[in-house]
Structures are given as C-alpha cells and as structure tokens.
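In what follows, a structure is listed as structure tokens, so that the remarks can point back to it.
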Protein chains: 2
Amino acid sequence: MKIITATLKEQLAQVKQRTAALTDPKIEQTVRAIIENVQQNGDEALRDYEQKFDQVKLDDFRVPQAQIDQAWEQIDADLKQALRVAKTNITSFHQQEIDNGFMDAARPGIIRGQKVIPLATVGLYVPGGTAAYPSSVLMSAIPAKIAGVKRLVMVTPPQKNGINPAVLAAAKLAGVDDVYQVGGAQAIAALAYGTESIPQVDKILGPGNIFVATAKKMVFGQVAIDMIAGPSEIGIIADESANPRQVAADLLSQAEHDKLARPILVTTSLELAKQVNQELEVQLATLPRQAIARASVENQGFIAVLPTVSDLFRLMNAIAPEHLEVQLPDPSQYLSEIQNAGSVFLGKNASEPLGDYVAGPNHILPTSGTARFSSPVGVYDFVKRTQFIQYRADALASEAKYVTKLARVEGLEGHARAIETREVAK
Amino acid sequence: MKIITATLKEQLAQVKQRTAALTDPKIEQTVRAIIENVQQNGDEALRDYEQKFDQVKLDDFRVPQAQIDQAWEQIDADLKQALRVAKTNITSFHQQEIDNGFMDAARPGIIRGQKVIPLATVGLYVPGGTAAYPSSVLMSAIPAKIAGVKRLVMVTPPQKNGINPAVLAAAKLAGVDDVYQVGGAQAIAALAYGTESIPQVDKILGPGNIFVATAKKMVFGQVAIDMIAGPSEIGIIADESANPRQVAADLLSQAEHDKLARPILVTTSLELAKQVNQELEVQLATLPRQAIARASVENQGFIAVLPTVSDLFRLMNAIAPEHLEVQLPDPSQYLSEIQNAGSVFLGKNASEPLGDYVAGPNHILPTSGTARFSSPVGVYDFVKRTQFIQYRADALASEAKYVTKLARVEGLEGHARAIETREVAK
C-alpha cells in the first residue's frame, strides 16, 4: 500500500473531499418502471422479472418450510455448533439494547411517558450467489426477533442450484418466519407495497446491488429503510508495538471482500508501515481471493504515518471507518478518543473477523464515512416509540395559559380555543 | 364531516389503499441541478438562488448574534414566560430519553460494550413565513442539545421583513449555535456538502416544501435526514361519554393547520358523531382560519362509527395517526391497544394543543401513516452508537474455531487466516 507521510492537516483535507454520489437518474428511471409495475401488477410482475433477470420460472415464491427444515439437517455438525455459538453471543449482546421506555409521574396530576413498540412486519433482503452470508442472516434476524417483530420475512434472488442451505439454516435458527425467492428492485417494491404473495412490511434492511439500493432509496417514506451499504472498510491504528503479520492479515480480511474495499493503516511507526507492506506481499501470494484483495490493497488502501497517537485518532475520526482496530498497548484507555467508527476492536486478540462472526456485536455497520451519523444494526432498528400524556384538571388549569399564549403568537387560534373548551382552562 | 358506518373490514380495506407517492422526476431534475450547483459553487450559488427565489440580496448568510439577542429582548414578558415553561417541560421529558450505552464484562476475559456518541454537527431547517413556529425550534433544538450535539445550526429562508423575532428568541433559548438565512433545496445542499459559510452537517431535520423534501431525500446517505413530513393528522377515539364541543375543537385545532390536514373521529356513538358535526359548524363560523379548516374537515376528515371499542383501536392502528386522543373513561387502560400513533393524549384534559406547546413530549411526529415505523423526534435522533470488544488470549482461544469454521463456509479464507495469525487461535 502507498505510504503517506504528509502532515495531519494535509491528510485531513484529503478526507474531507470524499462525498457520496447522488442516485444515477438512468438507473432511477429503470427502477421507477419496475416499482410501478409491481405496484400495479403484483405477483405477475414479479414472475416476469424473475424470468427475465434470474432466468427462473416460479409458480410460488415462498420457500416451503420443509426445504428450510431440511437445510438445517443438511449442514455439518461443526457448522451447526458454530452458528449456535454465534447466536448465543449475538443474543446476549443485543439483549442489552432493549429499551423499555419510561413512565414519568413526577409532577402532580401529570403522567408522561414513552412506550417502545416493535415494528409489526420487517423484510430482510439477502443477496444471491457468493454474497449470501449465513452470518449476516443471524446479524439482522436476531435483533429483530429480540425487539419483538411479529413477522420477519426474508427475500433472496432465486438461484439455479437452489438457495444456499447454510443461509436457509441460519434463517431457521434465527427465527425468520417466511423466505421468498425474489430479488432485485422488484423484491424491494414487493416489500414496500405488498403483492398477493409478499406482505407489505414496515421496514426493509439488507445490502444489494445498485438497483436494490436505488429502489430502497425511492421507497423511503413508504417504508423505513436502513442505510445504503457501500464497500467494506477497515482502519487500523497501531504503533511500533503492533505485530506486522497480524496487522497485514487483518487488513486483508477486509480487502478480500471487494476490489473497492478500503484497508487503511495509520501508525506512528514508519518501520511498522514498511513491515506491514512486506507481510501483505507474503500473505497475498497464497490467498484464494488474491486478485480481489490485491486490487483493494493497491488501489483503495493506504498507510498514513503521523507523529503522535492523538494525530492517528484525529485522522481516523475524519475517515469514520466501518471497522476500527486499536493495536496499541492498553487500548481501552483510548475509547474516549473515538468519535466516528462502526465497530471497534481493542488490542491484538480482537481481530476483526472475531466481530464478524462470533463475539456478538453486530457486523452490519455504517460504511463510506456514514459512521459520522449512523449506528450498527441493533434492536433499536426494529422498534419505534409512542409518547403519551394524561393531565388531571388541576394540572391543566396551571399550564393552560402558556398553551394559549404560544398558540396565539403562532396565529393558531383554533389551538387556543380547543384548550379553552375545558372549563378549568379559562 | 362525512359519517361512515361501513363494517370494520370494509373500512380497513380503505385504509390499506393509501400509499406514499414516489418523488416527482421533474422536481427531482430541478433539485439535482440546484444541489450540483451548490456543490460546485458554494456560497456564490446560494447568493444567486436567494436573489432569484426569495428576492433577497445577501452578503453574509449568518444572522449576527446581536440580532438574536435583541429578538429575545423584544418579545413580551408573557411569551418569554411561556417559552421558558415549555423549555423546562420539554427538557425534563427528553432527559429521560438519554441512553448511556452499556459495558458487559460478564464472560471471562471478554469486554463487550456500546458507546453512545452525540452527532458532532446538526442542521435544522425552519420554514419561512407563517410556518416559522418558535415552538418547533424548541422541539428540535432542545433534544439535540440534551444529546450533546456540539454545533447546532439553523437555516431559514430570508424574509423581506426580517426573520420572525419569536423564532430567533426560541433559537436563543434552546441553544442554537448559528442561524443562517438560506432556504429551499439550496439550503439542504449547503448543509449536506458545506460551503464557505455553511458547515457540512451530519444530519438534517425539519419540514419544508416539496423542493426541500425532495432535496432531503436526494442527499440521504451523504447525511442522515429525518422523515419527510406530510400534512398534520389527528385521530380521536371516543364513546358516548365524550364532550362533543371538546372533540370538535380538538379536531379543528389540527384542521386549521392545512387544507390537507386529516381530522378523524372514530366512535361507538352515532349520537356523538352527529353532535360533533353540529359543533364543527358552530365553531368554524368564528374561526380565523375557517377557510383552511373547513377544507380539511370537508375533504379530508371523516367520522367512522363502529360497534366496539376494540374496533375503534383496530381501525386507528391501521390509520397510524400523527396525534391520537383517547376520549374514553379511564383511558390509560387502553395504552396496550395502541400499536401505531405518533403521540397519544389520554382523557379529556389532554387536549392535543397541550402537547403541541407545553406538556413536554415532542410535537415533531410521524405523519401520513409513518407512525407504523417511525418515532417522535427525540434525543435518540441526535446520537449514534459504536460497539467495542476486547478479548483476552484465553477467550480468543476458546472461540477461534467457530470463527474459522464460519469464515471458511462463507469462502472468506483471509478472515480465517487473520484469526490464525494469533498463536492461541491455532
């Protein structure tokens, strides 16, 4: 990877120039036609698109429960065990995200509160082919079920050789209620508006290609959506005490995802920077996904060398990486320095793939700098809140004059009069 | 309002047919040009648009602190007092929404946790003219400041007679850091990408016209945005014990907002329905905003009469109103029945305008049925979360085999090897 020794100021200026592109109007036009067709023609439109785009002719989109049960039986014992351990740890982490709202009866005659309510119906989009990851099914479905979502449906593009059994097994283990074989923009449209077969949902989550991402953005408002996912990123903060072999391996673990993945090392040690570059070459040589990882490392990755640990955190906060490893001695002392990162891995044993699979925190994380304003997927993504108030007459009597004053200042006489229909409020 | 006595099933079928429209491609084309111009030309583009759209020539967009201080001095003592009471109650309610994350050290050698971090910079859009409400400034700015947002900026279209002093006074009271005179799609673009004068923000909140709403949707992903606001709605659930004068007044308090506002009464009492209709006529006759309220009541509003209280809640949950009044005896016993509503008002003293101004819960609420999946504005809108893990070597040793198994099943050999660079993991 290229080694950059520019000043912090110069490097920060570079980071600021990154911006997200607006939706492509041509793709939007294509997607708009698909959405409108699905709105109007429902299942018939879905069947046409699946035949056209996925070359699969479907009578029934729903994957039979027997096939899902069989998939679980079919996977090997070690995989079952690994999925079960992952489920246990994901569950125990995410249960700590449960929010029970509050009831406030502190002031005389006044009840105020907030009720946290699970979304009724949620749709998970799972990409087809090699990007269909059983671990991602656990990461989205388990928090949804902890939140109390009643109906959790999964959609995934039909595959000529059938849906990956490991994905179906994970869906079963996580408690997904229904699986439908439908993909692309048409699947997003079906979830947003409902068809004869596919239920209308309250929220759609999950990554997909540019058509899926554009469709999600277009139906936003009709349903809730999660963030639009970009290529994976890993940022590693390290000093001379870090192990170059481990640092290189962790960088490659994200580089192997995608040619556009961004592996980034920021370090106070030029020596470490050079050693990591040597290790990358050694490890790339035998990596099965070498071509992808090499493109990522060479075209997207970089190593920044800066004088102080404080500089490392400042640069990394500007980058706002999806994954952040802190490979410094006694790393938890730096938690306070972290403003922007999706998920943080403290110290040499917390290799990033540990978080991808087993540790329990979510692995569906904000990418492309969106950690500035968004969060890992969590139980909070599957609930919404309702407030409530109840006033006794004496409580209304004491506050009514402030309501009528503000209403009249805002020119909303009807608001003031509504309060004044209560005898105590005059 | 028209009285509907169809069966619950028939009425539910009617509700299901409502869907949100996709963005208008022509408006999107106009907004795209504005966004790209602001991205490229910054303040210069803003100045051109403000001259063109608002007929105001500006050198400096920032409203001087002296003008904001003066606005506070200028408003009358009763208004100051009402704003202060509102601030106190909004603050005490929203402080209960603070989430401090968690630290979990339950398993040997493993630390897992979640850190809740305030967004660094947030932009509030405040519409111009009569829709510039000081109460709405409090409702968005106070939760942001409780969350810990460092820089809270407000944008509002320039007005020929200057910005409403009550709005500036509310901004000062709520702790807004900077106010800029810029509106429309250009203001959204400026907040999303930054210009020489306007800082780039992490999230944009606030209602606006169709150009503002379209611009917000288009920059989603570059920044976070709140929900796209639609016309106001009030749903009232009442039986024969309700006071028709109060029910009518509360319906009109929302009807006066907008010709497209939706006032809805669902009741078990045909007698109440008829009395409310008579009261509406009486009260409309002297309402200053009669023309608006009448259009809303006649064209958007309706009264549904259904046999049981349970039916009333089923229909109202399908409608998912922004505001929901429960005008039934002992109303808190029905909290469990409420699945979809922005804010709930229990009993006859909890007239909806009480919640608009003084009670403390937020008045920026999900509209157009989006209470199915979204929440009132709250402290949670101004924070994001970061997870972290730290593992001792023995903890990694006991879980490594599950990581490598899952990684290899997913075809990600680099992930497995990263774990295996740790001696204990082999």
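Backbone N, Cα and C atoms are what each Cβ position is placed from, and that goes for glycine too.
Together with A:Gln254, A:His257, A:His415, the Zn(2+) site in TrEMBL holds one more listed residue from A:Asp178, A:Asp330, A:Asp356, which is A:Asp356. Residues from the set of recorded positions A:Tyr125, A:Glu322, A:His323, A:Asp356, A:Glu410, A:His415 situated with their C-beta under 8 Å of a chain B C-beta: A:Asp356, A:Glu410, A:His415. For A:Glu322 (active site, proton acceptor), the same-chain residues 6+ apart in sequence whose C-beta sits under 8 angstroms from its C-beta are A:Ser232, A:Glu233, A:Ile234, A:Ala341, A:Gly342, A:Ser343, A:Leu365, A:Pro366, A:Thr367, A:Ala371.
Every protein chain shown contributes to the tally, and the Cβ of A:Asn209 (NAD(+) binding site) ends up with 14 other Cβ atoms within 10 Å.
Distance between Cα atoms for A:His415 (substrate binding site) and A:Gln186 (NAD(+) binding site): 45 Å, as a whole number. The binding-site residues A:Asp356, A:Glu410 differ in how many other CB atoms lie within 10 Å of their CB, and the one with the most is A:Asp356. Residue annotation for NAD(+) gives A:Tyr125, A:Gln186, A:Asn209. The furthest Cα pair among them is separated by 12 Å. Of A:Gln254, A:His257, A:Glu410, all annotated as binding-site residues, the residue with the shortest Cα distance to A:Asn209 (NAD(+) binding site) is A:His257.
Shown in sequence order, A:Pro127, A:Val155, A:Pro157, A:Gly183, A:Gly184, A:Ala185, A:Ala187, A:Ile188, A:Gly208, A:Phe211, A:Val212, A:Ala215 are the same-chain residues outside A:Tyr125, A:Gln186, A:Asn209 whose Cβ sits within 8 Å of the Cβ centre of the NAD(+) site.
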